[in-house]
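First the structure, in the form of C-alpha cells, and then the observations on it.
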C-alpha cells in the first residue's frame, strides 16, 4: 500500500475525532449538570483558546511552510493535546474530593482545545499533496467520513464507560472516558505516524525560516487583503462553522434540558447524526457532480442546514429531534466536505499551512461568537423558561448559517488548482 495514500491520511481524522467527540459530548454535561457550574465555564476557555491561536498560529504556519516539514509539527502538537486530555481526566476524577481542583480541569480543557486545533492546521495541508494523485473530492470527503466514524466509535466507547461501574486506577465514568479517548487517540496516531510518509520538498537553506519581526508576520496575515476571494470564503465559513461548533458544545445539554432525553437516548440521537454525517461525506462527490457547480452545491447545503436548525428549535418530541439531528448530520457531512474541497482550490499552492492556519483561526473565532450568542440568548430569554430560552439559542444558530449564504455569494469561482 502506498504510504501516502488517503486512507492512511484519514486515520488521523479518525483518531482525533474519536477523542474530541468525548470531550464535546460529555464536558458540558460534566461541568453544568454534574458539577452544577454555569455553561460559561464551557464557552469561555474555548474563546480564550481562539485569542491564543490568533497570536501563535500565523507564526507557526509561516515557519512550517518555509521548513516544509508538517509531520514533526503535527507530532508535537498531537502529543501535547493527548497529554492535556489525560490530565483533564485525572483532575476531573479528583474534583469530587477537592473542589479546588476545578480550575485545573478548566486549564487542561483549554490546553486540549488549543493543541488539538493547532494540530489540525498541520494536518489539513496534506490534502493538497494527496490531491495531486487522487480526486480532491474523494480525499476531502473520505477524511471527513472517517472522522465521523471516529466520532461514532468514541461516543459508543464513552457511553459504555459512563454507564458502567468500570474503575481503572481510581478513574471511572466521565473522567475515565476522557482518559480512554486520549489513549485510543495515541494508539491510532502512532499507526498514522508510522505509515504516512511526507513528501520530500526542496528547501533553500540560505533563507531564514523565521519571520524577522512581528511586523513581517502581521504583513503575512494581512495578505488576505489581496486574496479577497479567500477572505470572503473564510467569513462565510466562520458563520456556518460557528453553528456546528456551538452545537457540538451544547447539543447534549439541549437534548437533556429541552428534549428530556436520558443518557442512552442522547447517545442514540448523536450516533444517528454522526452516522448520517458519514453518509453525507461519502455522498459529497455524487452531490457535487449532480449539482455541477461547486459554489452552487455549497450554497444549497447552507440554506438546507439553516432550515434544519430552525426546525430543530421547534421540534417537540424525542422522535422529531432524533430525525432532525439525523438530517443535520447529513447536511453537515456534505457541507464540511465541500468546504475542504473549495478552500483547498482557492488558496495559493505554495503556502498551505499558512492558509489552513487561517482556516483554523476563522473556525476558532466562531468559538467566540457562537457560544456568546448562545449564552446571551439563554440569559435574555430566561424569563420565558428553561426550555424556551434554549430553543431561541438554537434558532440563533440558524440565523448565523443563513447569513453565511449571503456572504458566500461574494465568493468567485477562481481556483488555483
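Glycine too: its Cβ is placed from the backbone N, Cα and C atoms.
According to TrEMBL, the features are:
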TRANSMEM  7-28  transmembrane segment
TRANSMEM  40-61  transmembrane segment
TRANSMEM  73-96  transmembrane segment
TRANSMEM  102-126  transmembrane segment
TRANSMEM  138-162  transmembrane segment
TRANSMEM  174-192  transmembrane segment
DOMAIN    229-417  domain 'Major facilitator superfamily (MFS) profile'
TRANSMEM  230-255  transmembrane segment
TRANSMEM  267-286  transmembrane segment
TRANSMEM  298-317  transmembrane segment
TRANSMEM  323-343  transmembrane segment
TRANSMEM  364-384  transmembrane segment
TRANSMEM  390-408  transmembrane segment
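Relative to the transmembrane segment (138-162), the listed stretch 7-28 leads the set 7-28, 102-126, 174-192 in CB pairs under 8 A. Cβ atoms under 8 Å from those of the transmembrane segment (323-343) belong to residues 124, 127, 136-137, 140-141, 143-145, 148, 230, 233, 237, 240, 244, 247, 251, 269-270, 272-284, 287-288, 294-295, 297-298, 301-302, 304-305, 308-309, 311-312, 315, 355-356, 359, 411 of the same chain, restricted to positions at least 6 beyond its ends.
Using a cut-off of 8 Å between Cβ atoms, the transmembrane segment (7-28) and the transmembrane segment (390-408) share fewer than three residue pairs, counting only pairs 6 or more apart in sequence.
Most Cβ pairs under 8 A with the transmembrane segment (230-255) among the ranges 73-96, 102-126, 390-408 are made by 390-408. Using a cut-off of 8 Å between Cβ atoms, the transmembrane segment (102-126) and the transmembrane segment (174-192) share fewer than three residue pairs, counting only pairs 6 or more apart in sequence.
On the 0 to 100 pLDDT scale, the domain 'Major facilitator superfamily (MFS) profile' (229-417) averages 84 in the predicted structure. For the transmembrane segment (267-286), the residues of the chain that approach it from at least six positions outside its boundaries are 21, 25, 135, 137-138, 140-142, 144-145, 148-149, 151-152, 155-156, 159, 251-252, 255, 259, 261, 318, 321-322, 325-338, 341, judged by C-beta separation under 8 angstroms.
Within the same chain, residues 12, 16, 19, 23, 30, 35, 60, 64, 102, 104-105, 108-109, 111-112, 115-116, 118-119, 122-123, 170-172, 174-179, 181-183, 185-186, 189, 193 sit at least 6 positions outside the transmembrane segment (73-96) and bring their C-beta atoms closer than 8 Å to a C-beta of that stretch.
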